[in-house]
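Notes to accompany the following structure.
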Amino acid sequence: SGNWGCAITKIIAENTARHGDFQTDVTMWMFEEEVEHNGAKRKLSQVFNESKENVKYLPGIQLPSNVYAEPDVRKAVADADIMVWVIPHQFVPSTIENMGNPKPGSVSISLIKGGLELEGGKLGLCSDVLRKSLGHNVSVLMGANIAKEVALGQFCEATLGIDAPAEDTARLVRLFDCPSFRVNAVDDIAGVELCGGLKNIVALGVGFCDGLGYGGNTKAALIRIGLEEMITFIRHFYPGVKDSTFLESCGVADLITTCFGGRNRKCAEAFVRAKGGKPWEEIERELLGGQKLQGTLTAEEIWPVMKEHGLCERLPLFTTIYQIAFESKPPESIVQLPQAVVA
């Protein structure tokens with residue numbers, strides 16, 4: 001029920017009301033917390049159900065009347081045919097544990113970025129965890145989507161990585177697709193999902209660049225190198241990923257958007273300007289208002305993976321970003337990258 005969760009819920013609720021093959025009502029699990037509202041402390045879910053506005057995470061945006069907030073995750077998913085996951089990846093295990101068994105025949109779509117782990121030499125995805133735990137199909141949706149702009153109906157695109165029979169693909173597209181939010185379905189879950197997670201690491205590098213006062217040329221160079229390293233990393237673990245995926249909204253478009261307008265870039269800039277005087281947790285609290293930073297977590301997740309698979313010299317930008325973020329390497333090293341070693 002953060003800003004992105006509410007923004008995509010707005011689209012889903014409008015589409016369930018528009019198309020006859022969905023139940024109209026949409027239940028949104030809302031992590032309960034107290035907020036100051038009209039001079040009094042209130043529960044966020046109660047304020048939302050009265051006003052249809054998430055006054056903390058997406059203020060000023062009215063969600064449709066067919067959206068209902070439920071603070072109990074078990075109740076929220078009890079009758080769900082389709083579950084849409086929009087939570088920070090570090091909370092996936094506890095959420096699965098608390099929600100109980102999903103409805104038979106249900107499916108999931110994950111909008112979660114990150115959550116990568118190495119198991120038996122194979123890189124596991126967050127969608128793999130969901131699929132294994134829930135026992136049903138899990139598709140993924142990623143794209144160049146800033147939450148407030150999506151909620152305001154500004155035109156954008158997204159990519160749906162499909163894990164469903166052909167007859168269900170059109171229905172899942174209809175759940176999200178509308179004139180202002182165009183969705184393209186592709187048969188490449190790993191490519192779509194990994195692009196969504198890795199681009200947050202590149203955005204940290206661009207944020208370091210902004211904190212140092214460098215201009216557009218430097219940022220463009222880092223974005224290009226970052227895309228190249230994303231492709232190298234993904235192909236190492238999933239050689240069957242499709243070239244076309246990187247040209248989808250989940251690929252180069254999402255990378256550009258995140259590097260110019262996302263929270264990871266913003267926090268990385270603040271990290272450099274603080275000259276090492278503020279830990280990431282403090283910057284997160286100050287700048288994100290309760291939301292979570294994903295780029296640093298993903299960088300920490302892939303670092304041991306890179307070392308175990310001998311990828312550090314092949315991925316000098318990823319390596320340098322990790323070292324600046326966690327090993328006190330000077331931020332200026334972001335523009336002193338060694339040449340990547342070709343395998």
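Including glycine, each Cβ sits where the backbone N, Cα and C put it.
Summary of the site annotation: TrEMBL records NAD(+) binding at Phe31, Phe91, Ala147, Lys292, Gln294. Screening the candidates Arg182, Arg263, Arg265 against this entry identifies Arg263 as the one listed for that site. The helix, strand and coil residue counts that DSSP assigns across the domain 'Glycerol-3-phosphate dehydrogenase NAD-dependent C-terminal' (188-336) are 113 helix, 0 strand, 36 coil. Cα of Asn264 (substrate binding site) to Cα of Lys292 (NAD(+) binding site): a span of 10 Å. For the recorded positions listed here (Lys113, Lys199, Arg263, Lys292), the lowest count of other CB atoms within 10 A around the CB belongs to Lys292. Within 10 Å of the C-beta atom of Phe31 (NAD(+) binding site) sit 16 other C-beta atoms, taking all shown protein chains into account. Non-local neighbourhood of Gln294 (NAD(+) binding site): Pro88, His89, Lys113, Gly114, Gly197, Asn200, Asn264, each in the same chain, at least six residues away, with C-beta under 8 Å from its C-beta.
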